[in-house]
Amino acid sequence: MKLLMLCREPRLYSCQRLKESAEDNGHQIDILDPNRCLLKLSKNAPHFELYYQVNSKSEPYLLPDYDAIIPRFGSTSTRMGCAVLRHFRTKNIFCLNDDVAFLKARDKWLSLQLLTEQGIAVPNSALSGAEFSATQAILQIQSPTILKTLHGSQGIGVILAENRKSAVSIMETLTQADVPLLMQDFIQEAQGTDIRCFVIGDKVVATMQRIGQEDEFRANFHRGGSAEKIQLTEQEKVLALKATKCLGLDVAGVDLIRSKQGLLVLEVNASPGLEMIEKTSGIDIALQMIVHIEKQFKR
């Protein structure tokens, strides 16, 4: 197969592992930055064209069609990355997470709404408009309070407000800067830990428990967190699969938390990192992703 990976940083561990696995399985793979793409729509055939420019001084060239697309772009590239994914989906080319599912997962509030609609428990959450009083809005959520920007990954854009006064100050400042925030209950009993479930298709292929640094409420690897092996219950596996399916994803990193109220889904990541979970679980996830693409291509 001829594969395309959409990625801004091809040197990242996840991109390198997927490239190695694809080539080891006999496939050709290009790694391109979606922000260096140009999409063209025309009344006359061909109606859809996609060009690529290696650098600002190079001549753009027309990209060929591929057999499958692997999206690995970050939150800052979501708009262009999803436009490129839609281009290929329009041509009936398999995308390992299409643009529709990607956009659902990348919008934190929308994803929480969709999960809740399907009866999937999430932390108590609230979203207020720019003209709604922050002082009144914060009363809907417990204190301490988690504040999250609607778009972001790797723990970036997540703030713990220790009291309501701090929460209001942060909300008013960021609202003034036109940065919308959602509010969530802080799950104190989790003590800075969560469970990452890596889902491919209809299977949870790997898991780990992530542990935040001392005095750090975020358990993300990129925030200096560590990880250890963990055995999921059957209920946790079912929940991870249900959350993935709810957003229409083929591949997902589902973050769960064990709370006093029961299992909660914190987030569903459409482009989950491989490094920490491969090293913790000892499972070759990159290979399993390539094998999943092969199965879809043969259908």
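Backbone N, Cα and C define each Cβ position, glycine as well.
Per Swiss-Prot, the feature domain 'ATP-grasp' maps to 112-294; the stated evidence is sequence analysis.
Residues annotated as ATP binding site in Swiss-Prot: Lys148, Asp185, Phe186, Asp194, Arg218, Ala219, Asn220. Secondary structure from DSSP puts Asp194 (ATP binding site) in a beta strand.
Around Asp255 (Mn(2+) 1 binding site), taking its Cβ as the centre, 21 other Cβ atoms fall within 10 Å, counting all chains. For Asp255, Glu267, the entry in Swiss-Prot reads Mn(2+) 1 binding site, with the evidence type sequence analysis.
As annotated by Swiss-Prot, Mg(2+) 1 binding site applies to Asp255, Glu267, with the evidence given as sequence analysis.
Taken from Swiss-Prot, the feature Mn(2+) 2 binding site covers Glu267, Asn269, and the record attributes it to sequence analysis. Secondary structure at Glu267 (Mn(2+) 1 binding site), taken from DSSP and collapsed to helix, strand or coil, is strand.
According to Swiss-Prot, the feature Mg(2+) 2 binding site maps to Glu267, Asn269, an assignment based on sequence analysis. Of all Cβ atoms in the protein chains displayed, 20 besides its own lie within 10 Å of the Cβ of Asn269 (Mn(2+) 2 binding site).
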Between Phe186 (ATP binding site) and Asp255 (Mn(2+) 1 binding site), what C-alpha distance do you get in Å? 15
For Asp194 (ATP binding site) and Asp255 (Mn(2+) 1 binding site), what Cα-Cα distance in Å is obtained after rounding to a whole number? 6
List the same-chain residues at least 6 positions away in sequence whose Cβ sits under 8 Å from the Cβ of Glu267 (Mn(2+) 1 binding site), in sequence order, or say none. Lys108, Ser111, Val254, Asp255
